[in-house]
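Lifted from Swiss-Prot, the feature list:
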- 7-25: compositional bias 'Low complexity' (COMPBIAS)
- 35-44: compositional bias 'Basic residues' (COMPBIAS)
- 79-91: compositional bias 'Low complexity' (COMPBIAS)
- 255-268: compositional bias 'Acidic residues' (COMPBIAS)
- 1-102: region 'Disordered' (REGION)
- 249-268: region 'Disordered' (REGION)
- 200-228: zinc finger (ZN_FING)
- 277-315: zinc finger (ZN_FING)
Amino acid sequence: MSDSGEPKPSQQEEPLPQPAAQETQSQQVCTFFKKPTKSKNIRKRTIDADEEDGDSKSESSILQNLKKVAKPDSKLYFSSGPSKSSTTTSGAPERSVFHYDSSKEIQVQNDSGATATLETETDFNQDARAIRERVLKKADEALKGNKKKASDEKLYKGIHGYTDHKAGFRREQTISSEKAGGSHGPLRASAHIRVSARFDYQPDICKDYKETGYCGYGDSCKFLHDRGDYKPGWQIEKEWEEAEKVRKRNKAMGVEDEDDEADKDSDEDENALPFACFICREPFVDPVVTKCKHYFCEHCALKHHTKNKKCFVCNQPTMGIFNAAHEIKKRMAEERSKAEQGL
């Protein structure tokens, strides 16, 4: 009876044999040749998904259109969408590590580029003029009798380092005295330049030189450097038309014209003319006038010119030029005609 009361081991509790356990372990570790299951249901929903759907029914649902953002696989990557990813749900924008911002002010130099230098030419301490200055300096030192060291006699100082033995027998002891000879290469270009290029409707006169007295082109400017007053054709015609309008309006209103006033001024000028020769103090006989506007008799002027080549009144050179005084001749003719009418 005791044998029947003992519990019998079941088949489930029996331990597996050792080779079978090794086969299962090898199947779990080595999965290189495991074949995929073809009858896998992709659209099958899991239990967790069902539970999440049940919870979402009680809460407010939010629909989001999640798009897969293409990642740049190569350098030739173009995108028409925004630069930031559309899948980000956080409202705060991403901030870059470095942020640059300008002051939004125009950078204007105080000197307007007046102190700018031209750096395209050779440096002034390496050009031909500097080399020539060093040669003259060495020649001057040798001429003064500075003793040389023994090591300096065997030291090669380049093609420009030879002693100038003719330094004491010529006048060109300074670089400024021989700059026009061209013995030290081309002249130094101006380091401070201000280029100006401005043209107006009148292309034959340099506008910069006329207004400011300065031209960036200098002597090479192809336009005329003159600061005189010139009027173009359209301005002359405009002034003439305005003067004609004023003259016609004054004529219609019965106002005296400016020409009449000019005639009065000319009469006053005639009254200012001398009535006698400055030399003989008598009425004019064949009156003449010099370049300095002084009136003499013809024979008095020639007689004085033989002794003195200068004017009798102002002592300016007459250059032997005596023109006919038509104003005095005209006045003398008018006086003669009035005298004849009075008789």
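Each Cβ is built from the backbone N, Cα and C atoms, and glycine gets one as well.
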If you run through the zinc finger (277-315) with DSSP, how many residues end up as helix, strand and coil?
10 helix, 7 strand, 22 coil
Please count the residues of the zinc finger (200-228) that DSSP assigns to helix (H, G, I), strand (E, B) and coil.
9 helix, 2 strand, 18 coil
Restricting attention to the zinc finger (200-228), give the mean pLDDT.
82
